[in-house]
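Noted in Swiss-Prot for the protein shown:
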SIGNAL    1-17  signal peptide
TOPO_DOM  18-529  topological domain 'Extracellular'
CARBOHYD  ASN27  N-linked glycosylation site
CARBOHYD  ASN28  N-linked glycosylation site
CARBOHYD  ASN40  N-linked glycosylation site
DISULFID  CYS59-CYS292  disulfide bond
DISULFID  CYS72-CYS84  disulfide bond
CARBOHYD  ASN104  N-linked glycosylation site
DISULFID  CYS107-CYS153  disulfide bond
CARBOHYD  ASN179  N-linked glycosylation site
CARBOHYD  ASN286  N-linked glycosylation site
DISULFID  CYS296-CYS320  disulfide bond
CARBOHYD  ASN304  N-linked glycosylation site
DISULFID  CYS488-CYS492  disulfide bond
CARBOHYD  ASN498  N-linked glycosylation site
TRANSMEM  530-550  transmembrane segment
TOPO_DOM  551-566  topological domain 'Cytoplasmic'
LIPID     CYS555  S-palmitoyl cysteine
LIPID     CYS562  S-palmitoyl cysteine
LIPID     CYS565  S-palmitoyl cysteine
Amino acid sequence: MKAKLLILLCALSATDADTICIGYHANNSTDTVDTVLEKNVTVTHSVNLLEDSHNGKLCRLKGIAPLQLGKCNIAGWILGNPECESLLSKRSWSYIAETPNSENGTCYPGDFADYEELREQLSSVSSFERFEIFPKERSWPNHNINIGVTAACSHAGKSSFYKNLLWLTEKDGSYPNLNKSYVNKKEKEVLVLWGVHHPSNIENQKTLYRKENAYVSVVSSNYNRRFTPEIAERPKVRGQAGRMNYYWTLLEPGDTIIFEANGNLIAPWYAFALSRGLGSGIITSNASMDECDTKCQTPQGAINSSLPFQNIHPFTIGECPKYVRSTKLRMVTGLRNIPSIQSRGLFGAIAGFIEGGWAGMIDGWYGYHHQNEQGSGYAADQKSTQNAINGITNKVNSVIEKMNTQFTAVGKEFNKLEKRMENLNKKVDDGFLDIWTYNAELLVLLENERTLDFHDSNVKNLYEKVKNQLRNNAKEIGNGCFEFYHKCNNECMESVKNGTYDYPKYSEESKLNREKIDGVKLESMGVYQILAIYSTVASSLVLLVSLGAISFWMCSNGSLQCRICI
């Protein structure tokens with residue numbers, strides 16, 4: 001009996017067996033990502049794909065300053081409003097910046113025909129040559145070129161007029177018919193502007209042009225219009241009851257434009273040979289100009305980012321990330337951080353048997369922890385880690401490259417009569433924006449799910465690699481660990497890690513130790529059975545003795561009577 005109890009104590013006493021465990025890296029990162037199946041998964045490493053910051057300034061685009069219109073708008077700049085005279089010297093720009101409520105446009109009241117189309121054309125122009133299409137001093141010898149000024153276009157307290165147009169009036173009591181032509185020899189498109197004056201009454205008409213009925217004709221290969229002045233009383237605007245309507249056309253290289261009139265012509269003085277640039281555009285912004293450079297400009301401010309998406313503004317100029325409505329687009333590159341992997345993912349095997357990551361393993365994503373008589377330590381599996389890093393890096397770069405289509409996205413121009421078209425365009429743009437946002441978010445969710453499952457699969461494969469080497473020379477004890485049936489020094493541990501473990505070398509020792517452990521288990525079973533029988537018999541005897549004592553006491557004091565009948 002003593003021998004059996006000794007065996008039991010030996011079996012119950014703890015022994016420090018050599019062990020090796022498979023695990024994964026963990027750190028103090030608080031980065032969270034979303035996947036198809038989960039929200040806010042804490043991971044060791046991740047990359048942000050969404051730019052949400054800007055500097056709040058207008059900057060040079062690729063080293064080229066923008067054309068900042070200040071208090072002028074496109075009409076005031078291109079017609080030559082006297083208050084916009086400082087802009088006349090500008091010849092090139094990266095983009096055009098206009099304030100939302102610019103004061104100086106058409107100073108003499110009237111309509112600007114196809115103004116939105118002109119803005120659209122100028123949005124793709126990065127430079128122009130301003131030149132005299134009809135030199136002022138020699139083009140109009142039979143007409144007055146000096147008295148055509150107005151208080152509506154005053155400058156520095158004096159009446160003035162547009163710097164790119166001439167208001168032709170009668171000279172010496174007559175307004176002879178005029179016929180002027182220009183041939184475009186610039187090898188570029190030429191923007192030509194002119195106007196037609198509509199007096200408020202017949203007296204003004206006769207005073208200025210010496211005739212009641214007048215016309216203006218403008219003809220080119222692609223343009224053919226005849227204008228008749230509309231003489232009528234109108235409410236005064238900027239002190240003027242008359243009106244001027246403004247017109248423009250683009251003259252192709254080699255084409256000719258002909259002006260014919262017998263009154264009311266606001267003649268071209270300067271025209272513009274246009275040079276287009278793909279990166280140009282017009283933005284409406286209250287941001288101030290600053291000494292800074294950028295590759296991407298928005299109305300809110302400049303973006304300096306190589307990320308594929310941004311949520312700052314849908315209108316951009318330059319090499320800009322794609323606008324989406326998302327608030328978070330973060331792609332995982334590392335592993336799940338502690339706590340452990342628990343649920344099965346969408347695409348691969350799950351290393352759900354490992355309860356937590358190792359903060360002590362800092363030189364890799366997956367690896368080993370061993371313990372033997374020589375000590376303990378962590379070691380990363382460099383091959384599987386490097387393969388994972390290469391695969392994930394290539395995937396992230398591929399996603400960014402595919403989605404990072406840098407481009408300019410400027411607003412389309414619509415006039416007041418095209419409100420329904422503008423609303424329809426907004427709905428279409430919103431639809432595309434929703435699709436882009438959905439695609440971007442779904443892409444990130446799917447890739448995050450795949451990456452996390454990829455890591456889980458790698459840990460599982462590493463575990464199976466060790467298990468297949470050790471076979472029955474060790475036993476699985478849970479949490480990704482194996483307990484050896486033999487002594488495994490550091491050299492032995494290293495062979496397990498690098499895949500050169502010599503199974504036959506340790507199989508005999510393992511077999512003997514395994515049989516001893518199995519024998520101890522059998523002896524322990526016998527001891528447990530003996531103890532159980534002994535305990536049962538002893539308990540029964542104690543119970544019988546107790547009952548007998550109680551019965552004797554009760555009989556002696558008369559509480560219990562016993563009768564024996566024969």
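Cβ atoms here come from the backbone N, Cα and C positions, even for glycine.
Overlay of Swiss-Prot annotations on the structure.
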{"residue": "ASN28", "record": "N-linked glycosylation site", "contacts (Cβ under 8 Å, 6+ apart)": "ALA359"}
{"residue": "ASN40", "record": "N-linked glycosylation site", "contacts (Cβ under 8 Å, 6+ apart)": "THR32, VAL33, ASP34"}
{"residue": "CYS72", "record": "disulfide bond", "contacts (Cβ under 8 Å, 6+ apart)": "ASN81, GLU83, CYS84, LEU87, SER102, GLU103, ASN104, GLY105"}
{"residue": "CYS107", "record": "disulfide bond", "contacts (Cβ under 8 Å, 6+ apart)": "GLY76, ASN81, PRO82, GLU83, THR150, ALA152, CYS153, TYR162, ARG238"}
{"residue": "ASN179", "record": "N-linked glycosylation site", "contacts (Cβ under 8 Å, 6+ apart)": "ILE258, PHE259, GLU260"}
{"residue": "ASN304", "record": "N-linked glycosylation site", "contacts (Cβ under 8 Å, 6+ apart)": "ASN55, THR294, LYS295, CYS296"}
{"residue": "CYS492", "record": "disulfide bond", "contacts (Cβ under 8 Å, 6+ apart)": "TYR501, TYR506"}
{"residue": "ASN498", "record": "N-linked glycosylation site", "contacts (Cβ under 8 Å, 6+ apart)": "none"}
Over the span of the topological domain 'Extracellular' (18-529), how high is the average pLDDT in this prediction?
87
From recorded positions ASN27, CYS59, ASN286, CYS292, CYS320, the one whose Cα lies nearest CYS488 (disulfide bond)
ASN27
Tell me the Cβ contacts of CYS59 (disulfide bond) under 8 Å, same chain only and six or more apart in sequence, or just say none.
MET289, ASP290, CYS292, ASP293, THR294, GLN297, ALA302
Going by a 10 angstroms cut-off between Cβ atoms, which of the disulfide-bonded residues CYS84, CYS153, CYS292, CYS320, CYS488 has the sparsest surroundings?
CYS292
So for ASN286 (N-linked glycosylation site), how many other CB atoms are inside 10 Å of its CB?
11
Between CYS320 (disulfide bond) and ASN27 (N-linked glycosylation site), how many Å separate their Cα atoms?
34
Taking only the Cα atoms, work out how far ASN286 (N-linked glycosylation site) lies from ASN27 (N-linked glycosylation site), in Å, as a whole number.
45
Three states by DSSP: which one describes CYS153 (disulfide bond)?
strand
So, in DSSP terms, is ASN179 (N-linked glycosylation site) helix, strand, or coil?
strand
Let's check the environment of ASN27 (N-linked glycosylation site): how many other CB atoms sit within 10 Å of its CB?
18
Determine the minimum-neighbour residue: among ASN104, CYS296, listed as recorded positions, which Cβ has the fewest other Cβ atoms within 10 angstroms?
ASN104
